[in-house]
Each structure stands twice: as structure tokens, then as C-alpha cells.
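As recorded in Swiss-Prot, the features of this protein are as follows:
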- Phe16: site 'Important for substrate specificity' (SITE)
- Asp73: active site, proton acceptor (ACT_SITE)
- Gln74: site 'Important for substrate specificity' (SITE)
- Glu158: site 'Important for substrate specificity' (SITE)
Amino acid sequence: MTDQTPTLLLASSSPFRRQLLDKLKLDFIHQSPDIDESRHEDESPTALVMRLAREKALALADQHPNTLIIGSDQVAVIGNQVLGKPGDRDTAIRQLSAASGKRVSFLTGLCLLNTATGRSQVVCDPFHVQFRTLKPAQIERYVDIEQPLNCAGSFKSEGLGIVLFKALEGRDPNTLVGLPLIILTEFLAAEGVQLPL
């Protein structure tokens, strides 16, 4: 980035999102925002992830003038049930048991906030996963091996989690990991950021 180009900041503590953003070969910094991620009453999953992505970016805006802040949030949805990060083994096993044999939608909210202009671009990018029918012992083994306790839906698609799936459907496979790079590059281009290619 040049001196005239705003700093790029990833508003996340996720190592997975940092690894994804590294793919773009852009210099960036990262910082974890401190926000309440509770779902509002009657808030749709789409509205939830878009709001949280924007709030994550806004939470760091005052500290970072002339910065492009990337906020992102993801939930898994089975029917009307929203699944977040399990946090513990038992919840991960319950989430994967609920997903067994079903189609699960992963909704990723993405926000790019320009703190110099106040302009924000916000979107929800869906990605769908058809899970294989899984036996309880398979689920327990997977959770014990991969420890997906900080991942929405209780799996890591970039690792052993891929064996849990029958089919994938979506615009950008990076969305499943938590950062839709195709849309992000469009947002960055709209802000005048020159990508390496």
C-alpha cells in the first residue's frame, strides 16, 4: 500500500480469517473488536451477521482514522435454528448431530468501512453444505481430533471437516471459512485499493 492508501485493518481475532486475507497479498493489521454478539429478538440470521460485521468494524473506527476496516461474522443455520461457535465438546457434538444428513446454510456477514469517509459496504454471503449421515462415534472422533470449538457449526472445512460433507454450494469457498474474498476484493476495488494482479 502507498502512503495515500488507507491502512487495511481486519477486525477479528480469528487466525482463519487472517490466513484467508493473507491470500490477497495485501499488507494489513488485525485487532479484535469488543462487541456484544447477542442476537436481537426476532432478528433474522441474515440481519444478525450483517449487523455484527458492521458493529465489529465500527467498534474500532475511532481508534483508526484513514483506515479500511474489515468486519466479518458467521453463523450456521439449520431450518430456523442458528448455530454459533460451540465453545465446548458437548455443544459441538450436539451441533454436528443436528447437521447429520441435512443441508446447513452458513451465512457470512461482511463489512468494509472507510473511516476517512464514513462509507460502509455490507453484505451477507451464503454458502450451503450438505452433510453426510454421520454416526455418533464418527462425530465424537471428529470433535476429539479437530477440536472445532471456535468454529460456527463445529467443523473446520479447511481440515478434516471436509470428510463430513456430501456436497458444497456457494459463490466463494472462502465464505465457508469466514471471509468472502471474492466480494471483499470487489469492495476493496470500489475504495480504490490496487490488488497485486
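Note that Cβ sites are derived from N, Cα and C of the backbone, with glycine treated the same way.
Since the structure is predicted, the reported quantities are computational estimates derived from the model, not experimental observations.
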Assigned element (helix, strand, coil) containing Glu158 (site 'Important for substrate specificity'), judged by DSSP: coil
Winner by Cβ contact number (other Cβ atoms within 10 Å) across the recorded positions Asp73, Glu158: Asp73
DSSP-derived structure type at Gln74 (site 'Important for substrate specificity'), helix or strand or else coil: strand
Which of Phe16, Gln74, all recorded sites, has a Cβ with the fewest other Cβ atoms inside 10 Å: Phe16
Glu158 (site 'Important for substrate specificity') and Asp73 (active site, proton acceptor), distance between Cα atoms, whole Å: 18
Pairwise CA distance, Glu158 (site 'Important for substrate specificity') versus Phe16 (site 'Important for substrate specificity'), rounded so that it is a whole Å: 9
